[in-house]
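These come from Swiss-Prot:
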| type | residues | note |
| --- | --- | --- |
| TRANSMEM | 95-115 | transmembrane segment |
| TRANSMEM | 147-167 | transmembrane segment |
| TRANSMEM | 183-203 | transmembrane segment |
| TRANSMEM | 238-258 | transmembrane segment |
| TRANSMEM | 274-294 | transmembrane segment |
Amino acid sequence: MTSNSFPVFDGVSNKYDNNTFYGRYQNFRDITDPSTLFATEKDLSQSKTLLDNFKKGLVDPVKHSDELWKAKKILDSTIHPDTGKPIFLPFRVSAFLPINVIICAGLILPNASIGTTIFWQWINQSYNIALNHANRNASNTMSNKQILEAYASAVGISCSLAVGLGWGVNKLNIQNKTISSALRMMVPFTAVTSAGIANVLIMRGNEMVNGIDIKDKDGVIHGKSKEAGKSAVYKVAFSRAATSFPALLLPPIVMGLFERTSFVKKYPKVRMPLNLAVIAAIFNTSLPAAIALFPQESTISADSLEPQFRNIKDKNGNIIKEFIYNKGL
């Protein structure tokens, strides 16, 4: 073990146990760590060189384990696992937290006008569609027409629900402030979650129709599976809903408690920075937790796949009982 009680780097094993939720949570805390956004081209190049030298047996893994883990963290948060190319900085998962703090603050603005509501829903879905596209499974190829259709659908759903539900809550004219506030809090959550799920289903729908690459434990790709594609898309859609739940519902509740304090009443200008801090704190925990619900490299039983994958043998002549696929983010 290293000085930080991490396993000695071996280039194969994970820093944390990806078989457990907590292990995956710790792993995605690394991947979503905004500090990796400050990694320079030089840092990226040095990280690649260090790991390449390790593979060649030129680096002592015991002596340089911490440096190797740091290099892997930089690459994992920057490089797409399928293409091996850097993901455009704003659309890396590590950028999701700082960017969405601002977006969430806009989505839950109290007494927002219809124009403001539409604007923030549009901004949110525009960012989500770009994030989905940048982090999709590499075997997912979409035409510009399909991307535009997905984008228009997601924006249309989110804006329609946000405006329609907001109008509906106002028309109900509920006198009980607690119930009225609760319903108002549900409006952005329902709109964002519904559109987010639709966004994933539309953007990655061809993965369910055409399938995604599946491989064995040795990394050998054995073809495309529609069942694996469905599994990947459903898992990501569920994770997106899980991300929205705490990020959009908890901040108004927490801020409601702060609003009652004498400090906030005395200094009302602290409300916005305090609101942003609350959203950031919640996102910092909820984002990696939601992504960690399912492993990035998920496994699926051969029996759950199409018939042609049920009697395939690996390089040692053994029938493959379990395949691996990249579920994407």
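Any Cβ shown, glycine's included, is placed from N, Cα and C.
Within the chain carrying the transmembrane segment (238-258), a Cβ under 8 angstroms from the stretch's Cβ atoms is held by residues 100, 104, 107-108, 181, 185-186, 188-189, 192-193, 196-197, 199-200, 264, 271, 274-275, 278-279, 282-283, 285-287, 289-291, 293-294, all 6 or more beyond its ends. Most Cβ pairs under 8 Å to the transmembrane segment (147-167), among the stretches 95-115, 183-203, 274-294, belong to 183-203. Long-range Cβ contacts of the transmembrane segment (274-294) within its own chain (Cβ-Cβ under 8 Å, at least 6 residues beyond either end) map to 21, 24-25, 27-29, 31-32, 93, 96-98, 100-102, 104-105, 235, 238-240, 242-243, 245-247, 250-251, 254-255, 258, 264, 327, 329.
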